[in-house]
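To start, the structure itself, in structure tokens.
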Amino acid sequence: MYDRIGGSSTRTSQTDEPSQSVDSGSFTETLADLAPQWSSRSGELPDKMGACCSKPDTLDANVQTSSASEPSTSSPESPATSLFEYRTADLRDANVDGICVGLTAEWFRNLSNSPSTRMSALTPGSQTHASAAERQQQYQRLKDQLRSRGAGSSQADLQAQNTILEEAGLEPAGEEKRFAFGKSSNVKSMVNEINEDGSNHLLSLYFAEGGAHTVATSASNGTTTLFDPNYGEFTVRSDPDQMASLLQSLANRYRNPNGQHLSTITTQRMQ
């Protein structure tokens, strides 16, 4: 079992990721709307395969990482730095081989540690990073076996993912909730769930181009931290507009410079 997130900081196969300016109004309204759909499996999601690593951005090196004790309180202004204004812990080159499911599992296992310790543990060359790679390989093998037996891509993905999460000592909920990114509905239902104090969620990001990527969130003591294996940790207040703003900035980053358009998010609670 994992613990509540430590420190002061406040599924799917995988592809490339992304930035663009975001308005400073109510993001809960302008994000309009991750229309919730229950994961009925009637519509198959893309298979999670490939390399979910971000394309390098020459400006990334100049982006300041925020203090872990000071989550962002204002909307990002610069297209190049909008996402990184939220960053409270940096992680580089950990996901170049597309092992985001394994890295996310290991991140959950290390929640009781400080942000810097969590990122150090996931650095390439570490034992934890090697373990993440092994979990990813197991996930892929299980998924391939299930597909060969006739399972649909979504069913195979969820079952394989749950298996490796459980073997990592985690307790994933059996089902996922599906949200269509950009459709008119109520984004608050998703961000309120993510922001619930003491909750941990695995989020699968699906892109219109067919790729997918796995990230995670943990909410504790009035702040919510989002972990993206490509970039590190991002932290905001556990406020609907703040969380919606962070998600929009993440979507912007995957669109530019990576050319990936976020279309669907699934959420799975870690019990």
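Cβ coordinates come from backbone N, Cα and C, glycine included.
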Please identify the range among 114-136, 137-159 that Swiss-Prot labels region 'Disordered'. 114-136
Rounded distance in angstrom between the Cα atoms of Asp228 (active site) and Cys100 (active site): 8
Spatial separation of His213 (active site) from Cys100 (active site) - C-alpha basis, Å: 7
